[in-house]
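Novice: Before anything else, here's the structure in question.
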Amino acid sequence: MLCLSTFTLAVSAGAVLLLPFSIISNEILLSFPHNYYIQWLNGSLIHGLWNLASLFSNLCLFVLMPFAFFFLESEGFAGLKKGIRARILETLVMLILLALLILGIVWVASALIDNDAASMESLYDLWEFYLPYLYSCISLMGCLLLLLCTPVGLSRMFTVMGQLLVKPTILEDLDEQIYIITLEEEALQRRLNGLSSSVECNIMELEQELENVKTLKTKLERRKKASAWERNLVYPAVMVLLLIETFISVLLVACNILCLLVDETAMPKGTRGPGIGNASLSAFGFVGAALEIILIFYLMVSSVVGFYSLRFFGNFIPKKDDTTMTKIIGNCVSILVLSSALPVMSRTLGITRFDLLGDFGRFNWLGNFYIVLSYNLLFAIVTTLCLVRKFTSAVREELFKALGLHKLHLSDTSRDSETSKPSANGHHKAL
């Protein structure tokens, strides 16, 4: 099961790297069209990689991961000898029933959406029409999930990087804070040593508080040991870089909305381009292609951060030495769906102009003008609202306090604030 999960993650990584590799390959072929040493890098190879990515994504999503999940849950049919064979038999039966269930759902969906003889007969062709149609539905769900996760992740990236980097020390005496935390730690340790083992509840609370104090002490010591360059240059530079990347992403989406309104070739399933190695995808050449690659990776990282920041998926976060195999499978499937939908989302939002190849370019909904335009509008609006909410949270908190509305809990910034962390004197901050 662990090998299947590892293979699924490898396929996810391949799907993420697919579009950047294609973009950089196009620029290399354009810069060195007659170089002997890069003749192996051609359109046939890139088309084959897109087809393989689609094939293995389907294999992992519809066969390997369901097999792993059902195998973990199976015990063997009643009356059969318990063992691996009985569990495999039950897993195969469950997979067949699941395939029949999905087949029926797709037939019903096809009858409701496109009820004509040609569309219904096309579903008889399992390889050429049914699987691409099913994968198109999964891709649409993945794009909708990215539409939900990415704006949240773009705003959460500032908080995450703020926790990973050392913030500048402005009007702070770290030595005094470390001294106070050390005294608090010693006091808690003495209280723990003085309590008897019968007071189990108080011991657990004190141990938790002591652990929080030690964590804060470690962070303060790390801030003290950090160099002046790391404190005063790296943190502001990273924050400015995140802000620039987010602004460019929203700007590109806004430009793509205008292009959709005036030019039908801006559609993801519009007129095919000149081909790989024949024309640059960006007006800025290699620099523009590099910027597109950076933005694609940035959106992928932001979508993962946003996915685990959502309350519904918060329990999916893996924990060291405390993650069940079922949760690992769920994480692998989630990452696979997000990574498989990343090329489609990047092309739909206009982050890149590289045409989707293989089965990725055969999705029917990519040719629907209203779906694509609504997707772009929702992404731009939701991202802007998340960023405004992020950067105005402190002002809103002060306004609520000034108006006396903070007792009504109208603001919801507990995820970005440090309300659950102890302050410098070791005591917990009040909500």
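Quick reminder: no glycine exception, Cβ is built from N, Cα and C everywhere.
What you see is a predicted model, and the numbers here were worked out from it, not measured in a lab.
Pulled from TrEMBL, these are the listed features:
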type	residues	note
TRANSMEM	49-72	transmembrane segment
TRANSMEM	92-113	transmembrane segment
TRANSMEM	133-154	transmembrane segment
COILED	196-226	coiled coil
TRANSMEM	233-263	transmembrane segment
TRANSMEM	283-308	transmembrane segment
TRANSMEM	328-345	transmembrane segment
TRANSMEM	365-388	transmembrane segment
Novice: Sequence gap of 6 or more, Cβ distance under 8 Å, 3 or more pairs: do the transmembrane segment (365-388) and the transmembrane segment (233-263) meet that?
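Specialist: Since 3 or more Cβ pairs under 8 Å link them, the transmembrane segment (365-388) and the transmembrane segment (233-263) do come into contact.
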Novice: Near the transmembrane segment (49-72), which residues from the same chain, at least 6 beyond its ends, have a CB less than 8 A from one of its CBs?
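Specialist: Sequence-distant neighbours of the transmembrane segment (49-72): 1, 4-5, 7-8, 11, 14-15, 18, 21-22, 87-88, 90-91, 94-95, 98-99, 102, 131, 134-135, 138, 325-326, 329, 332-333, 336-337, 340, 356-360.
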Novice: Is the transmembrane segment (283-308) packed against any residues at least 6 beyond its ends, judged by a Cβ distance under 8 Å, and which are they?
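Specialist: Sequence-distant neighbours of the transmembrane segment (283-308): 16, 19-20, 23-24, 26-27, 31, 145-146, 148-154, 156-157, 160, 245, 248-249, 252, 314, 316-317, 334-335, 338-339, 342, 345-346, 351-352.
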Novice: What is the average pLDDT across the coiled coil (196-226)?
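Specialist: A mean pLDDT of 71 is what the predicted model shows over the coiled coil (196-226).
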